[in-house]
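Notes for the one structure printed next.
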There are 4 protein chains.
Amino acid sequence: MKKIAVFTSGGDAPGMNACVRAVVRTTLRHDHQAVGIRRGYQGMIEGDFWAMEAHSVSNIIQLGGTILRSARSQDFRTPEGRAKAYANLRANDIDGIVAIGGDGSFTGARIFMEEYPDIHMVGCPGTIDNDLYGTDYTIGYDTAINTAMNAIDNIKDTANAHDRLFFVEVMGRDAGFIAMNVGLATGAEAVLVPESKTDVNNLIDTLNSNYSNKKNSSIVVVAEGDESGGAFKLAEEVKKHCPYETKVTILGHLQRGGRPTCMDRVRSSRMGVAAVNALLEGKSGVMIGEINGEIVHTPFEQAIKYHNEINPMLLEMVDILS
Amino acid sequence: MKKIAVFTSGGDAPGMNACVRAVVRTTLRHDHQAVGIRRGYQGMIEGDFWAMEAHSVSNIIQLGGTILRSARSQDFRTPEGRAKAYANLRANDIDGIVAIGGDGSFTGARIFMEEYPDIHMVGCPGTIDNDLYGTDYTIGYDTAINTAMNAIDNIKDTANAHDRLFFVEVMGRDAGFIAMNVGLATGAEAVLVPESKTDVNNLIDTLNSNYSNKKNSSIVVVAEGDESGGAFKLAEEVKKHCPYETKVTILGHLQRGGRPTCMDRVRSSRMGVAAVNALLEGKSGVMIGEINGEIVHTPFEQAIKYHNEINPMLLEMVDILS
Amino acid sequence: MKKIAVFTSGGDAPGMNACVRAVVRTTLRHDHQAVGIRRGYQGMIEGDFWAMEAHSVSNIIQLGGTILRSARSQDFRTPEGRAKAYANLRANDIDGIVAIGGDGSFTGARIFMEEYPDIHMVGCPGTIDNDLYGTDYTIGYDTAINTAMNAIDNIKDTANAHDRLFFVEVMGRDAGFIAMNVGLATGAEAVLVPESKTDVNNLIDTLNSNYSNKKNSSIVVVAEGDESGGAFKLAEEVKKHCPYETKVTILGHLQRGGRPTCMDRVRSSRMGVAAVNALLEGKSGVMIGEINGEIVHTPFEQAIKYHNEINPMLLEMVDILS
Amino acid sequence: MKKIAVFTSGGDAPGMNACVRAVVRTTLRHDHQAVGIRRGYQGMIEGDFWAMEAHSVSNIIQLGGTILRSARSQDFRTPEGRAKAYANLRANDIDGIVAIGGDGSFTGARIFMEEYPDIHMVGCPGTIDNDLYGTDYTIGYDTAINTAMNAIDNIKDTANAHDRLFFVEVMGRDAGFIAMNVGLATGAEAVLVPESKTDVNNLIDTLNSNYSNKKNSSIVVVAEGDESGGAFKLAEEVKKHCPYETKVTILGHLQRGGRPTCMDRVRSSRMGVAAVNALLEGKSGVMIGEINGEIVHTPFEQAIKYHNEINPMLLEMVDILS
């Protein structure tokens, strides 16, 4: 192996920079060359390559976002696009790649590797949603739950001051991990996640019963992917049957950025080291994960196909503790 | 003077608790009794009074929201409501009140004092919007600009990673102080405030020129009260003429809560001390403010009627520095 | 079981309040009575009991420290003290106790339970040091590493600005978990932990070699329990052989407090629920832990006797990535 | 004027980067060239110059420290050193300089300007201590008080949990602004500043009286420059006469770094713009300050010679509110 390249793809996640840093420095430590590909698959097609040194990744471990940037690539969905990408990689003597991203990034990788099996690819799970099979935690997830929690802590100050009911929508199109953990951490009255069916009448009963018991304020946390249709729609429905003054907040993109937490920095670094090690051992087509504290390799197709499940004890806890 | 009461009214603001603490402890230090009125004017009507000791306000200086809570009171708009409030105050020997709130709270105070001039009232400017005349800074403003700035710092990580244009709406129905300072602090491309007319075509030209100059991401900060109609409407308009991928975030209520900054705690404390001192000196009908570092008394009618203006140098700076 | 009591003991840790809340609410949910014992074993001896309702633990999930306070108890080391404690518990019909604390708390519990086996005791691991066997994470650890990391991030700004070498001492008398994770997360040049012998000459060589390679600033993280004798002593030694301008910071007690992170709130809550469940199932003498995401019961004697080990991969990573 | 240079000198302060950014962009906006001098006067002597473009200062407004770095320069204290610096400036066609720093930096500037009056120099007050005459706030001060306050908030959690007395030493060699504001903001029992003589017996009486009144925990904030000799020495003295368990924390260098607050970013930017404007108007030998919200020019010799005084009302407030 002469050169190992690294790129970030899909939605940015805090810890991606820590992972890039680990990939670059581990590569250099093994006396290989490190190349950064800017803007994911699109940059691969356009040949947007960066010969990286140890100092190229100095002082980035604490930064949110990704210094390699990210982009959607329509071109990579075409055989012509992928052929161009392959030609660029060959021309640059790159035969190993670390892809930091989520579902979409690994789907792209699978197709590419079938066509060009001489390019070895290993993935690192970079997404705040924690929705990848093959790892207990994805890069950025721990930061995102703290960011969302801090925002809801703020909202609780106002909810308490004004006897209000707040519906707060957090990220999570397919997975309720953020909603569930943030809901528990902020003492939310209810948490609505895609993984379990919401009984709106039940929710209304709970809220009405709280109101009669002089519980003057409440937070309901809703995952954006919940089948109730999101916080606005749900609030409309509840408002009709509930005496509370209701408000809605969509946390939105502020959940994505920010300085990574300690766990995100350490895990991302560890996964970056492990990804290079996997390439050097001749592995390809696998995603690096951390399960029960150990590094695990999961084939891309499984990482994409299966899903982690929310611990049912957490669902019960919302009910017991609120 | 036998007893001094304190209440919070209108939207909650970080530092209100620090102000309440200062009112209570200063009152007790002068060997008077301190009374907390819960939920503003509504609590006054309902007689929701709390005899406060020094320890009642222990460990609250660092809390957002307000331990005295806040509420809108339709009843206080009626002569009957106000008569009831007066009766409660008299029955409890309260003849001095510190009202922590904004425009609405002081308007209520004015009407009440005309009817019942034997109740002395002094105000403290409690609102994150910084839109009260008679003070350089209102209670909660410094915290709110830091909270909004931190949220936009996060969004910038994503904007940079993905070459996107973000429209971020911050609080400020009548005043652009939050938008202006937050926009400058986050290096926003443009800041739209109610105080100055927005030329949307001009904005589109600037953004298009940035785009051609390879400036790949941008933040536009919009005050909710801007005459453009808010971030969503503006983004719709701009999108038609701009190549950027655009996103919208409404920061909403998370701007209101949170632990107060050092300046908010110190200023709120200072204003609380000054409010009690003013009552003890026989003052009534004035709002406490801090202008050029000095405590100033401004009659309620002026505090409500006039408005602070945004320093025009700040408007120019957005243009020079972005 | 009629009443379940809860107390906190030893050094305070963020998340203790979340755990107390969970114990109280789970107890009440099962229609038992909940009692808070203030100031740990000392309060047990003095009968400092608090009949707790659901609202007694409202709005505490986000607070650092412990509302039940903590204290050392010399009296509890004597048979007379423990007899008094037992008499108080009996007089109050308490037959189940949740003890939130560390080594010392569980040692006390073991002795007490041998003498008075009719009092059932279950422990929750409350210590920022993460040094208890039987759980992957202790209550407060995740918050502490983030607090220490943020402080060192700040120090790095100055180290970089001034070409300085900083020795930063973090908590951890017997365990290097905080030092190791914080060191990795801040890109420290070296991490010194009690679990591995420090070769000072080796460290000096590394730093000198960095200096020649124009690496102008460096952070060395030292666990307080490292056999090198702490940051001050180490800096004295290194300074003699190194051209860097060196500075020392002892982070100290600020690492202990602060608002708990999302993970600390969720884990502490989960452990509190599990502790009450264990008591209701007739368990006694065990510490609740979370291992590989599952709740585990470990006898007190094992939790005290054995120690978790630092993953050797982390030690290597410091060397590869710095 | 052909080129304007900018450097940072003395201790780093959050907001220096925002100021550098403003100097560079304002210079470029006026179609002049911008030059960064690395490591202050030492870099001037060594010719460590950097031709800066608009993008050189992209994404630095939110960073602590200084991208231009800082250094002490023994060489600049010699006529030979200054001659070399002058030669480098001339060789690079630099005739205007913005110096961001404190006392020492402006003293150097004065001497240099006497010898080489054709080099125009304007200063910006960059120091967290707020000890420069001619401005209400220095760059970095607002961030530093928030950083120190947050650290003490954490310590208070432990102080409350354990009935302890904490002595916390904050920065401020000659000025007590940090100590005073942080002490008020954290509800400290006492604040010891260089500006007023400490009566240790008085302090001991207060603490003993608190102890008898069941005030179980206390914070005493000490400025490092207080004539009592700092937190350790004071604690030794107090401990002899006080029943509290006492602890000492020296906050140290973590107070210097970190992301600047909104006010620090806005003020630093404003001062940077004003500094370039002053140079373009032909001004030299003055420090830019903000007094009562207005930009003010103060000759270096005054800025160094005089000192701002702490508002005596703040000293009283500690006593009333604690």
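Glycine too: its Cβ is placed from the backbone N, Cα and C atoms.
Quick caveat, the model's predicted, so the values are computed rather than measured.
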Report task. Can you match one of C:GLY11, C:GLY15, C:GLY36, C:GLY134 to the ATP site that TrEMBL gives for C:ARG72, C:SER73, C:GLY102, C:ASP103, C:GLY104, C:SER105? Result -> C:GLY11
Query raised in the report: Which of these, C:LYS84, C:LYS156, C:LYS239, C:LYS240, does TrEMBL list as part of the ADP site with C:ARG21, C:ALA22, C:VAL23, C:VAL24, C:ARG25, C:GLY187, C:ALA188, C:GLU189, C:LYS215, C:ASN216, C:SER217?
Result: C:LYS156
Query - For C:LYS247 (substrate binding site), the three-state class that DSSP assigns - result: strand
Report summary line: C:LYS247 (substrate binding site) to C:SER105 (ATP binding site), Cα to Cα, whole Å, comes out at 37
Query raised in the report: Compared by Cα position, which of the binding-site residues C:ASP103, C:ASP129, C:LEU254, C:ARG256 is the closest one to C:ASN216 (ADP binding site)?
Result: C:LEU254
Requested in this report: Under 8 Å, Cβ to Cβ, against chain D: pull out the ones among the binding-site residues C:ARG25, C:GLU189, C:LYS247 that qualify, in sequence order.
Outcome: C:LYS247
Report task. Going by Cα-Cα distance, pick out whichever of the binding-site residues C:GLY11, C:SER73, C:GLY187 is nearest to C:MET171 (substrate binding site). Result -> C:GLY11
Query raised in the report: Under DSSP, is C:LEU254 (substrate binding site) helix, strand or coil?
Result: helix
Query raised in the report: Do you know offhand how many angstrom separate C:ARG72 (ATP binding site) and C:THR127 (substrate binding site) by C-alpha?
Result: 15
Report summary line: Averaged over the domain 'Phosphofructokinase' (C:3-279), the pLDDT of the predicted model comes to 96
**Report entry** Same chain, 6+ residues apart, C-beta under 8 Å of the C-beta of C:VAL23 (ADP binding site), given in sequence order
**Finding:** C:ILE4, C:VAL6, C:ALA34, C:VAL98, C:GLY272, C:ALA275, C:VAL276
Report summary line: Rounded Cα distance, in Å, between C:GLU189 (ADP binding site) and C:GLY102 (ATP binding site) is 31
